[in-house]
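**Q** Below is the structure I would like to discuss, written out as structure tokens.
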Amino acid sequence: MANPPVTEWKQSEAIPAHVAQETGCFTTLPIRIHKNNSIADQATLESINDWKQHLDDGWESRSGSAISKVGNWCSFIFSEALPERLPCITYLANIGNIHDDATEDATLDEAITSHAQFSTALSLDTDDEPSLQEAKTRRFRHLVSNCVLEILSIDRDMGTRMIVSYQKKWLDVMEHLNYEGIESLEEYLEFRMLNGGMEPFWLMCQFGMGLNIPDAELAPTRHIFEPAEWALVLTNDYWSWGREYNASLTKGSRIVNSIELLSRLRNISYDEAKEVVRDLITTYEAEYERRVQDFLRENPSTQMYLRQFIEVAGLVVAGNHYWCANCPRHHAWKEQDQAVHAVDQLEEFPAVEAQSPSSATHTAAPQEDPPVTEAPSPISSPSSSSSAKPSSSSAADSSSCTSTSQHSPSETDSTPPSSLHLLKSPHPVDAPCTYMSSLPSKGVRSTLIHALNQWFQISSRNVTLIKEITSMLHNSSLILDDIQDQSPLRRGKPAAHTIFSTAQSINSSTYLFVRAMQMVSENFESSVQMSFLEILQRMHIGQSYDLHWRFHLQCPTEDEYFEMVDAKTGCMFEMLLLLMSSKSRHVKDHSFTSFIRTFGRYFQVRDDYMNLTSGEYTAGKGWCEDLDEGKLSYPLIECQKMAPASFTQIMGIFRAKQADTAQLSDETKKYVIELFRKSGVLDSTLDWIMEMERQLLMEVKRLEGVMGDSNPMLYVLLQTLSLNQ
């Protein structure tokens, strides 16, 4: 650069340019490697061993490892990561590499399914795709759960942002664009920005550096990152070309590479196209440098952390280039038909400890690619046709109000003959339920089912069935709750009864109970049916006490409150436990009673607390909606014990509210919240929640001992719900 960066790099050390050039590397940018390369190597080996343990499909040894004789890939691309954060992002990056390699030889449909399974395993707060093969998804989930848990424990806000982007902006889109339809280099680069997951990659860099820069603050710098990303894409294409071309000849693998594209579009040889790509790489590197200089000159007061992140992009480009020029991942095919196993690589290249670049061996010269002077007709796998589409046939393809044919094959035969058109679906009774199912969900029940299935190991069909039954009951209860609470909002959208009428919504809600019971009777033994009905009975009794206390302004004791919670909230979790254990050959539910009861109580009190304090809840349900309802929640019970005078005032507000259907004014709500805060009620409630979180962690440890198997996904669920900032 004309004006070299003044950033002080703390975690990395320089690789001399002449050392890099001796290996064939031609980047024009400065190269740095993390001082703790051994940390990255260890995390890489753990990811390889874990892949073998949980998936055991051979790709842990067939995939080219991040380890190389010049250093670990992640030591170059995360060269300024904090040492304590380097292991988890290295682990996640290498798992992504193995997964990417494993899908290269798959058909397009198979690749999309595999990406969806991996994406589902990373899901933190949404219901996943029920048509996926449960066993494969479960193995993916067990593979990544410990890594996800570590990420969230280090930095939950940035970790969540990073993981969601990794899931939504890479795995969910990487195979959904048609490479064969691309007609220009610009389209190709845009395609690879999604296919290569650039957004989640930069978030991983931020996480590693301990940053969490808002998108709005980064937006003015977006143009700087573009040429860096283009150089990254073309660098990978340049050095992976020989491997990809060889795989297309020997295995019929798909080629997705700018060299093939330029050869095809410009009618030039592969060798000529490769030279074009080489020139473009250095051109884009120079453009990146120019844009950095211009931005810093025009914005001299740029915050140091933002400047550092901008300049790290150049280190990423250069470090990735140096690694690509030397890594077994791109070059081992020249000596054998698969990459060297990472353990063997470590033995051959023992430079796993941090060392001075001058003392390391950086002299290996690259071998030439296969001589190809003219481009033959493009080689493509039959699976890469643009007409290929993922198949999706499952119980979740239609509304849970109506998707029952797979559970009742004789339903049509058993229906009494009738000429009435009204008996044919869809019915008006389905509409409120379909609407509720379309609203965003936190997905706690779904995540809990999948986490427990690590132990229960029931089939994919039964997982889908149980999710559908519990979803019906949950949606039914939400429809009724909104009516009983006179709530105008549900998950940030209009409540069902405000759209379909109160009468129709009540009818739809009760119909869902009937449908759920019908599905249970068709798929479970009579003893399970009886237990299911008993749980439904307790759920309604629990709800009746909640309504009774509210109407009569009768504040329960803490013991009475939790008895109500065990019935109203806990029974839903108890129900999924009943259904899962009845389909499992490995587990019965008696060992889980304490965990489920504690989880139900924790979930309800957490909900009570968040309703009064969370901006997220305000967006979904309205501000302090429990106060509008006059709900006798846990904080109010605490207030009765801790501040009787404040309790009397709040009950007076609720009593006056009963004669007025309007919502409480913002001023009144602020006053009530201030009473809670000054009396220590909110702090006391949060302390109780923290104690329940500790108890739940102890319960999971106990269950792991009983089951003889760890369950990191349960820890991830508890971490995502945790209020321990």
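Residue 1 is the first one shown; counting continues down the chain.
Cβ coordinates come from backbone N, Cα and C, glycine included.
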**Q** Per Swiss-Prot, which of 100-104, 555-559, 580-584 is motif 'DDXXD 1'?
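**A** The listed stretch tagged motif 'DDXXD 1' in Swiss-Prot is 100-104.
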**Q** Which is it, of 326-330, 481-485, 521-525, 701-705, that Swiss-Prot names as motif 'DDXXD 2'?
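**A** Motif 'DDXXD 2', as annotated by Swiss-Prot, spans 481-485.
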**Q** Of the ranges 119-127, 236-244, 299-307, 497-505, which one does Swiss-Prot list as motif 'NSE/DTE'?
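**A** Swiss-Prot lists motif 'NSE/DTE' for residues 236-244.
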**Q** Please find which two of Asp100, Asn236, Ser240, Trp241, Gly242, Arg243, Glu244, Arg329, His330 have the most distant C-alpha atoms, given that the record lists them as binding substrate, and give only that distance in angstrom, rounded to a whole number.
**A** 17
**Q** Relative to the Cα of Arg490 (dimethylallyl diphosphate binding site), which of the binding-site residues Ser240, Glu244, Arg445, His474 has the closest Cα?
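**A** So, spelling it out, the nearest of the binding-site residues is His474.
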**Q** Count the residues of the motif 'NSE/DTE' (236-244) that DSSP assigns to helix (H, G, I), to strand (E, B) and to coil, and report the three numbers in that order.
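**A** Per-class counts: 9 helix, 0 strand, 0 coil.
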**Q** How do the residues of the motif 'DDXXD 2' (481-485) split into helix, strand and coil according to DSSP?
**A** 5 helix, 0 strand, 0 coil
**Q** Considering only the binding-site residues Gly242, Lys442, Lys568, which residue has the minimal Cα-Cα separation from Asp485 (Mg(2+) 3 binding site)?
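**A** Considering only the listed binding-site residues, the nearest one is Lys568.
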**Q** Give the distance between the Cα atoms of Asp100 (substrate binding site) and Asn611 (dimethylallyl diphosphate binding site), rounded to the nearest whole Å.
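**A** Here the two Cα atoms are 42 Å apart.
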**Q** Far apart in sequence but close in space: which same-chain residues, 6 or more away, have a Cβ under 8 Å from Thr569 (dimethylallyl diphosphate binding site)?
**A** Gly542, Gly600, Arg601, Phe603, Gln604
